[in-house]
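Here is the structure we will look at.
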Amino acid sequence: MHVALTRGTTHWEDLWKQGRIRGVATDSREVRPGDLYVAIRGRRWDGHAFIREAVARGAVCVVGEDDPSSVDIPPGVPYVQVPSSRRAASALSDRAYGFPSRRLTVVGVTGTNGKTTCVHWLTHMLRSVSLRVGMLSSVSNETGLRTVPAELTTLEAPKLHHALREMVDAGCTHAVIEVSSHGIVQHRTSDVDFDLAIFTNLTREHLDFHGSMENYAAAKARLFSGLSAEKLGAVLNRDDPYADVMAENCTAPIITYGLHSGDVRGRVVETDGWHTRLSVRLPDGEEFEGILPHPGVYNVYNLLAVVGAAHALGLPVDAIQGALSTLPSVPGRMHVIRPERGPTVVVDYAHTPDALYQLLNTARQWTRGRVWLVFGGRGERDKGKRSEMGFIAASMADEVIITTDNPYSEEPARIADEILSGARRVYGAQCDIVLDRAQAIEQAVLEASDGDVVLITGRGHESFQVIGALRLERTDEDMVREALGRRPGAGAI
């Protein structure tokens, strides 16, 4: 029987009375018997074209936006038409998995840069006081029942709510998750009951998707406007100019942080480039001092965000201070490889203009030799930032090798040329283009001297590279170690 629901008024109870719906899927290839399939019209594929495949795999009901008269669906399979498939997928997933976020204290972290580090560090801090915490980041998803590599920064709604349900089943009390602007706009997080949200910063990124910085900021701000007054609050970077946008329609308590102002105020006491001794003042006036074992001012901001969140969650100051010195390195984020002899190599995910600037600025502080940079531009993403990153690279690095990142369907040489156009704005800048990433890394590692630092940026923790139809299983770290192994006299790595 086909049921058309075109004005957003629906009676979902009819779909559940028989108890036949066991889960939700938005990818026809991942449908399991008993699933409800939601057909989503995406950038490349239209899920409505795969309804028969979904039913063949066991879907017992289909939800979509197309008119029932145009849908190719086997007789006897219910079809429900909705105004927004993505919005429906979120609500249905929440229902299918028992409204799991309502049974957890959920912290969402959003912003351009620093999300992953904040998620990992806050999870570490909460676990240090014996709380059971699930974590969803762009590196890995840890539910308490399993740990798997991440697929997206923010999972599609069915997988997100399923992961939250696994956390509940594992006895978790807290969940810390990355929230991307895509995830917000595409309703992946619309039915997650957030208790606390963190804003790190906002700089140029995803303008291919949002169109403007104003739209990008508005998307991020939806996370905070969704917090009700009785929630724990919003933790905002007071030193970022977009903090006011995040706060504008937020009715929850607001906690600010920063080095120049904020309820949580940091002060750098001293730094050797690799470690930072700092003093932190909490909103209640308490202060503590500690050593952050990770370089860069941007990591000081990440720490202050985490401290603000931990304080809002009720962690005592001694627990916060005690966890500071043990904050872990995050895969692909300032991952340092130091051979006995030869250059220091850093693998980092920096793929935005601001992240690249911050990384190069940090490297300058602890490098006595030359700074080498090997990087590229991601395909099918904001093309405008490519020349900007080329300019930053040529302005701040001594040696630049432009290579291939994940070009997807774009021509790698064209991406490299767009980066080079920005580099040429720097007088006297010389950049090599070596499209094979392994060869580019090898060239930098072999030509760099003792005391130099080689930065490999853009891919970070990623375990594969996508070039057209090719999916190459290789990490930047693996390529670095192979190159170091070919360096004469490198010694132990």
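From the backbone N, Cα and C atoms, a Cβ is placed for every residue, glycine too.
Predicted automatically and left uncurated, TrEMBL annotations should be read as such.
Here is what TrEMBL says about this protein:
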DOMAIN    21-87  domain 'Mur ligase N-terminal catalytic'
DOMAIN    109-310  domain 'Mur ligase central'
BINDING   Gly111, Thr112, Asn113, Gly114, Lys115, Thr116, Thr117  ATP binding site
MOD_RES   Lys220  N6-carboxylysine
DOMAIN    332-460  domain 'Mur ligase C-terminal'
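Positions of the features from TrEMBL, shown on the structure.
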residue: Gly111; record: ATP binding site; contacts (Cβ under 8 Å, 6+ apart): Ile198, Phe199, Thr200, Asn201, Leu202, Lys220, Asn237
residue: Thr112; record: ATP binding site; contacts (Cβ under 8 Å, 6+ apart): Thr200, Asn201, Leu202, Thr203, Arg204, Glu205, Thr352, Asp354, Ala355
residue: Asn113; record: ATP binding site; contacts (Cβ under 8 Å, 6+ apart): Thr200, Asn201, Thr203, Tyr298, Thr352, Asp354, Ala355, Gln358
residue: Gly114; record: ATP binding site; contacts (Cβ under 8 Å, 6+ apart): Thr200, Asn201, Tyr298, Tyr301, Asn302, Ala305
residue: Lys115; record: ATP binding site; contacts (Cβ under 8 Å, 6+ apart): Val109, Ser137, Ser138, Thr153, Glu178, Val179, Ser180, Thr200
residue: Thr116; record: ATP binding site; contacts (Cβ under 8 Å, 6+ apart): Ser137, Ser138, Val139, Glu178, Val330, Arg333, Tyr349
residue: Thr117; record: ATP binding site; contacts (Cβ under 8 Å, 6+ apart): Asn299, Asn302, Val330, Arg333
According to DSSP, which kind of secondary structure is Lys220 (N6-carboxylysine) found in, if we only use helix, strand and coil?
helix
Other residues, Cβ within 8 Å of Gly111, Thr112, Asn113, Gly114, Lys115, Thr116, Thr117 Cβ centroid (ATP site):
Val109, Cys118, Thr200, Asn201, Asn302
For Lys115 (ATP binding site), what is the secondary structure state per DSSP, taken as helix, strand or coil?
helix
If you draw a 10 Å sphere around the Cβ of Lys220 (N6-carboxylysine), how many other Cβ atoms fall inside it, taking every protein chain shown into account?
25
How do the residues of the domain 'Mur ligase N-terminal catalytic' (21-87) split into helix, strand and coil according to DSSP?
19 helix, 16 strand, 32 coil
